[in-house]
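Below: the structure, in structure tokens.
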Amino acid sequence: MDHLPIFCQLRDRDCLIVGGGDVAERKARLLLDAGARLTVNALAFIPQFTAWADAGMLTLVEGPFDESLLDTCWLAIAATDDDALNQRVSEAAEARRIFCNVVDAPKAASFIMPSIIDRSPLMVAVSSGGTSPVLARLLREKLESLLPLHLGQVAKYAGQLRGRVKQQFATMGERRRFWEKLFVNDRLAQSLANNDQKAITETTEQLINEPLDHRGEVVLVGAGPGDAGLLTLKGLQQIQQADVVVYDRLISDDIMNLVRRDADRVFVGKRAGYHCVPQEEINQILLREAQKGKRVVRLKGGDPFIFGRGGEELETLCNAGIPFSVVPGITAASGCSAYSGIPLTHRDYAQSVRLITGHLKTGGELDWENLAAEKQTLVFYMGLNQAATIQQKLIEYGMPGEMPVAIVENGTAVTQRVIDGTLTQLGELAQQMNSPSLIIIGRVVGLRDKLNWFSNH
């Protein structure tokens with residue numbers, strides 16, 4: 001993060017704009033809207049500045065820039081068409097530890113101006129860090145279309161209710177659930193827009209007096225195989241509403257950055273062959289947090305019902321009568337194959353796909369004879385440590401040694417690495433890779449050279 005987004009309280013605080021043209025006028029409008037006590041310095045001014053000055057809204061200082069104008073300022077903007085003058089203003093402000101924006105020169109500025117969506121008191125700021133103002137503007141326009149014009153009235157009304165809500169609902173969780181109900185109530189929003197006081201009062205009383213569901217719940221969310229962009233919209237909504245997020249080592253930092261900031265985070269770092277927290281204890285963590293009335297998200301890599309032990313966790317909750325739901329995710333087989341240019345099925349090469357765990361329990365044995373058959377694709381999860389055994393068994397049961405294989409490490413992430421070869425090389429290839437990795441075996445692997453689009457690693 002190159003810039004920290006902050007919202008400044010400028011009401012009745014001295015601010016300076018150097019420049020008297022159209023660009024300076026646009027900046028002045030923003031500062032005046034924020035209630036700043038504004039001084040504008042330039043050699044000449046467009047008529048709008050004169051009109052504002054005549055109305056007593058700002059002070060004009062006609063003449064060359066004088067550094068002393070900054071002495072009482074909280075914030076300054078250099079908005080002239082003279083680069084040297086803009087630089088001088090910036091340096092003078094820097095020497096006084098005053099934040100200064102330099103129009104069209106973000107590297108010379110100590111702060112930048114974002115694109116703004118104003119639904120006061122709700123404000124949304126969009127910034128590209130000065131690298132692409134057009135992109136920021138396009139995003140602002142898209143957000144403008146999504147946010148109702150009366151949203152600010154709802155936010156202002158919520159501020160008026162805060163004291164009563166705090167008295168009415170004892171816990172933070174109860175208050176949050178009330179606010180969520182209020183903000184999605186279309187009737188209240190429309191009543192506020194129409195200034196219909198009777199309807200506003202009736203709807204508010206109904207919302208406040210409705211019994212809240214004090215039971216906790218658990219939502220099992222599949223986070224996908226790595227790329228945060230593959231998280232589903234519903235999954236995103238759930239992690240942003242959670243009181244507690246229980247997650248493991250397969251969840252990327254990019255995804256964790258999307259979690260609600262004040263949610264509790266419980267790390268239970270699992271990996272094949274080793275569990276930082278035993279599965280039974282994970283089950284109990286989910287149960288305990290839900291019994292406290294909290295909304296718990298169990299965030300799992302891939303899809304929670306495909307080698308994710310999601311069923312085991314939900315059985316514990318079901319036996320205890322805890323409400324639960326499941327948000328599917330893109331499983332590793334689908335994500336890794338797509339990002340590696342390997343179609344799992346193909347009319348000429350594979351009419352079926354088998355998803356197999358390579359993390360076998362002691363004494364467990366797979367149906368190797370059927371797995372060795374042609375016209376199918378095998379995908380082994382957690383199979384890196386068993387690669388030599390997989391190679392030996394498949395060849396022993398008749399799979400050709402030249403069968404194409406691929407191992408995908410950190411699939412779909414920017415650090416994805418893929419190596420391919422033949423079945424006779426599988427054990428050797430596995431020694432070059434690290435967990436988490438996925439093994440794909442089948443004729444479809446031979447299409448990778450033609451269909452690979454994501455990387456050449």
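Placed from the backbone N, Cα and C atoms, the Cβ positions cover glycine too.
Site annotation (Swiss-Prot, ligand S-adenosyl-L-methionine) includes Pro225, Gly301, Gly302, Asp303, Ile306, Thr331, Ala332, Gly411; from Met123, Met172, Met382, the additional listed residue is Met382.
Residues Gly224, Leu250, Phe307, Gly308, Gly329, Ile330, Ala333, Gly335, Cys336, Tyr381, Leu438 surround the recorded S-adenosyl-L-methionine site, their Cβ atoms falling within 8 Å of the Cβ centroid of Pro225, Gly301, Gly302, Asp303, Ile306, Thr331, Ala332, Met382, Gly411, which are themselves excluded. Taking every pair among Asp22, Val23, Leu43, Ala44, the residues listed as contacting NAD(+), the largest Cα to Cα separation comes to 15 Å. Ranked by Cβ neighbours within 10 A across all protein chains shown, the binding-site residues Val23, Leu43, Ala44, Ile306, Ala332 are led by Ala332. Annotated pair Gly302 (S-adenosyl-L-methionine binding site) and Asp22 (NAD(+) binding site), C-alpha to C-alpha distance, rounded: 52 Å.
Sitting within 8 Å of the Cβ centre of Asp22, Val23, Leu43, Ala44, and not among those site residues for NAD(+), are the Cβ atoms of Gly19, Gly20, Gly21, Ala24, Ala42, Phe45, Ile46, Ala79, Thr80, Asp81.
Using a 10 Å radius centred on the Cβ of Gly411 (S-adenosyl-L-methionine binding site) and all shown protein chains, the other Cβ atoms total 28. Of all the recorded positions given, namely Asp22, Ser128, Pro225, Asp248, the one with the smallest number of surrounding CB atoms inside 10 A is Asp22.
Taking all protein chains in view, 28 other C-beta atoms sit within 10 angstroms of the C-beta of Gly302 (S-adenosyl-L-methionine binding site).
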